[in-house]
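Annotated features in TrEMBL:
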| type | residues | note |
| --- | --- | --- |
| DOMAIN | 1-80 | domain 'Apple' |
| DOMAIN | 84-163 | domain 'Kringle' |
| DOMAIN | 166-244 | domain 'Kringle' |
| DISULFID | Cys167-Cys244 | disulfide bond |
| DISULFID | Cys188-Cys227 | disulfide bond |
| DISULFID | Cys216-Cys239 | disulfide bond |
| DOMAIN | 256-334 | domain 'Kringle' |
| DISULFID | Cys257-Cys334 | disulfide bond |
| DISULFID | Cys278-Cys317 | disulfide bond |
| DISULFID | Cys306-Cys329 | disulfide bond |
| DOMAIN | 361-439 | domain 'Kringle' |
| DISULFID | Cys362-Cys439 | disulfide bond |
| DISULFID | Cys383-Cys422 | disulfide bond |
| DISULFID | Cys411-Cys434 | disulfide bond |
Amino acid sequence: GDILDDYSRTDGVWILTRNKQFYETNNEKECAVKCEAERNFTCRAFLFTRKKLQCLTLAENAKMTVTFASTDTVLYEKIIYLMQCKRGIGTDYRGTEAKTQRGIPCQKWAEKIPHKPNYTPEKHPNAGLEENYCRNPDADENGPWCYTTDPAMRFDYCAIPECEDQCMQCNGEDYRGEVSRTESGLECQHWDVQEPHMHGFILKHYPEKDLKMNYCRNPDGELRPWCFTTNPNKRWEYCNIPRCTTPPPVSGLDSQCLSGRGEDYRGRIAITESGNACQHWNTQFPHKHGWIPDRYPCKGLEENYCRNPDGEKKPWCYTTNSNIRWEYCTIPPCDRTEQGIADQFLLFAADVPGQAPLTEECYQGKGQSYRGTTSVTVSGKKCQAWSSMFPHRHIKTPEKFPDADLRDNYCRNPDGDSSPWCFTTDPNTIWEYCNLKRCDDHAQE
């Protein structure tokens, strides 16, 4: 495989580190080679600047130090140093667990008190014997271990969880394993090619979906991971990924209020922002839909409570009004006081805010009438202000299109394109469509 497959990439980030080495290279792959060959320290990551073609190998990654924005920079971090779990017996475990399964702090590998070690950084330079982190330099079948700081106990094993990248939680949207055949045995098509099947699932448009190689993934919230196949007669097929034996992570305490887009909201509000009661998720009346609780076990589709199973702007539900398929819900934000949240909840129960103006989070037709405040593109880039000429010069100005409402950097459609769009603040991307859906796009039949 590609040498960069062993790294996690983050655009526009710089990290502050003392231990680094500068190199002149032509591309990221050459910089990765420098990182692999680094002898001045353990190279956990590297920075590459596109304009200067400059390569910096680093002893630290983003988990260990401060990060800040830097437009022209790409950060590559070795995945092995980001993992806090073990594969197999954990000989390649490089996490930072430093206490035993009994909670006893580990002795540093380079120290000789209270125990004189047989395994030292000098004798085993490739075993990752740094600080007092749990490691498995002797390929012990019981997994990573360490010498302990208890004089009465020479060594003990560490409680390192198994990596579950070969199984899936929920619908497998976080699956990052390397299965690359479908359930019927067909080989998967690489995500970065358009043959034999053309598609829109391109890595740059879905950077957080890990569309690497031809591995099975679930970038669109399907029932489970899938892929396009190399068979011209079979466009796509599900992959046979086993379910993980450990339970999925439990939602946080703040899930009774709105945090971010509210995908982890598990409160009991069941009325839309215009006062319509919500339809139960396990019923198909008055509206037929595909969000069936049994198919999506981790989306919290209980009763008729407002939820956000598809990454919308905020929680929503199908309504019991046969003329209105779905609407957003008004959820109190998490940054209010508990009393404020309680008061807001009582207000929802007592009043029907029929006269309240609806926030536009979707568009009708081609979106030429869209007047909402979304200012992010489909790939997550920030929009450039319409009145600005930086980083992109253009003629779509508020003066030349006075009826298009080209305010601030809000997504608009002044030229009759297929949907709202904007110029981006990324110097390498002139424009993109915006992260908006049509107002009738909630059906997932």
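Just so it is clear, glycine is given a Cβ too, placed from its N, Cα and C backbone atoms.
Distance noted between the C-alpha atoms of Cys422 (disulfide bond) and Cys334 (disulfide bond) is 30 Å.
For the domain 'Kringle' (256-334), the partner stretch with the most Cβ pairs below 8 Å, chosen from 1-80, 84-163, 166-244, 361-439, is 166-244. Each residue contributes its Cα atom, and for Cys439 (disulfide bond) and Cys317 (disulfide bond) those atoms are 13 Å apart. Note: the Cα of Cys362 (disulfide bond) and the Cα of Cys434 (disulfide bond) are spaced 11 Å from each other. Secondary structure by DSSP for the domain 'Kringle' (256-334): 1 helix, 13 strand, 65 coil. Within the set of disulfide-bonded residues Cys167, Cys239, Cys278, Cys383, Cys434, the entry lying nearest in space to Cys257 (disulfide bond) is Cys278 (CA atoms). Cys216 (disulfide bond) has Cys188, Cys227 nearby among the disulfide-bonded residues Cys188, Cys227, Cys306, Cys329, Cys334, Cys383, counting only those with a Cα within 10 angstroms of its own Cα.
Listed in sequence order, the disulfide-bonded residues from Cys188, Cys227, Cys278, Cys334 having a Cα within 10 Å of the Cα of Cys434 (disulfide bond) amount to none. Measuring Cα to Cα from Cys306 (disulfide bond), the disulfide-bonded residues that fall within 10 Å are Cys278, Cys317, out of Cys167, Cys278, Cys317, Cys334, Cys383.
Close to Cys383 (disulfide bond), meaning Cα to Cα within 10 A, are the following disulfide-bonded residues out of Cys167, Cys244, Cys317, Cys411: Cys411. In this structure, the disulfide-bonded residues under consideration are Cys216, Cys278, Cys317, Cys439, and the one with the smallest number of other Cβ atoms within 10 Å of its Cβ is Cys439. Residues of the domain 'Kringle' (361-439) grouped by DSSP class, helix first, strand second and coil last, total 0 helix, 17 strand, 62 coil. Per-residue confidence over the domain 'Kringle' (361-439) averages out at a pLDDT of 87.
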